[in-house]
Amino acid sequence: MKVIQFLIGFALLALASSLASATDPGHLQDVCVAINDPKDGVFVNGKFCKDPKLARAKYFFFSGLGKPGNTANRLGVNETDANVEQIPGLNTLGISPFRIDYAPYGQRPPHIHPRASEIFLVLEGTLYVGFVTSDQLNNTLIAKVLNKGYVFVFPQGLIHFQFNIGKTNAAAYSALNIQFPGEFTPANTVFGTHPSINPDFLGKAFLLDPKIVKDLQNKFINGN
Ligand SMILES: *[C@@H]1O[C@H](CO)[C@@H](O)[C@H](O)[C@H]1NC(C)=O
Ligand SMILES: *[C@@H]1O[C@H](CO)[C@@H](O)[C@H](O)[C@H]1NC(C)=O
């Protein structure tokens, strides 16, 4: 009886610890180059793996982070992704980088990576960056001005931002502890939904006149 209880307890513990693991699972082979075609593939919690004997340098390589992205847009920002879609060799490894470029006074608006923490390195310029804790810690703003070479960390799932406060371009490099971090920007996901959320409800939630909500919905959906 005791043994059975122990075994059940142990199984529950193992289950709990596997549920608590929120990044890519530990990899079971040297390499698992992602392929989109399941034919000849092995299924893992990510993408299918190419036959490991066919691993080549090109699957672990990306040249796109060396040059700035075009920042001529409303927010004056450009993010160049280098996740498992661009580097299939990242599959199952629990890591991925990206590059962000900012025009003078450009910004990455408040946004969230639901599945990863981010470590952020300034390549050039001066950025005001920060994140906000959840209501567990009273929505506290944790923010700082960063110069070239400085590093900042954005914890998983918390809303964070970067504003270029300089008159010059800025650029940064980020690494996230997952192969595909995901991203959502609340301004877009609230006001730019398809179809629109009832403006009366959003007005109440955001302390806004429903007419202003309608105007915001119009701008976020039709791009303004
Ligand atoms: C980001 O830069 C790339 C390369 O210059 C460009 O193709 C892309 O359209 C830009 N994205 C945005 C949102 O401006
Ligand atoms: C949160 O911070 C505000 C402003 O400092 C304070 O008035 C309030 O009591 C705090 N609430 C909690 C739950 O700590």
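Every residue, even glycine, has its Cβ placed from backbone N, Cα and C.
In TrEMBL, annotation is done automatically, which means it is predicted and not curated.
TrEMBL has this to say about the protein:
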type	residues	note
BINDING	H111, H113, E118, H160	Mn(2+) binding site
BINDING	H113, E118	oxalate binding site
DISULFID	C32-C49	disulfide bond
DOMAIN	63-214	domain 'Cupin type-1'
SIGNAL	1-22	signal peptide
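Positions of TrEMBL features highlighted on the structure.
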| residue | record | DSSP class |
| --- | --- | --- |
| C32 | disulfide bond | coil |
| C49 | disulfide bond | strand |
| H111 | Mn(2+) binding site | strand |
| E118 | Mn(2+) binding site | strand |
| H160 | Mn(2+) binding site | strand |
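Shown in sequence order, I112, F131, F154, L158, I159, P181, E183 are the same-chain residues outside H111, H113, E118, H160 whose Cβ sits within 8 Å of the Cβ centre of the Mn(2+) site. It is H111, among the binding-site residues H111, H113, H160, whose Cβ has the fewest other Cβ atoms within 10 Å in the structure shown.
Of the candidate binding-site residues, H111, E118, H160, the one lying closest to C49 (disulfide bond) when CA atoms are compared is E118.
Between the recorded positions C32, C49, E118, the minimum number of other C-beta atoms within 10 Å of a residue's C-beta occurs at E118. Reported as a whole number, the C-alpha separation between C32 (disulfide bond) and E118 (Mn(2+) binding site) equals 23 Å.
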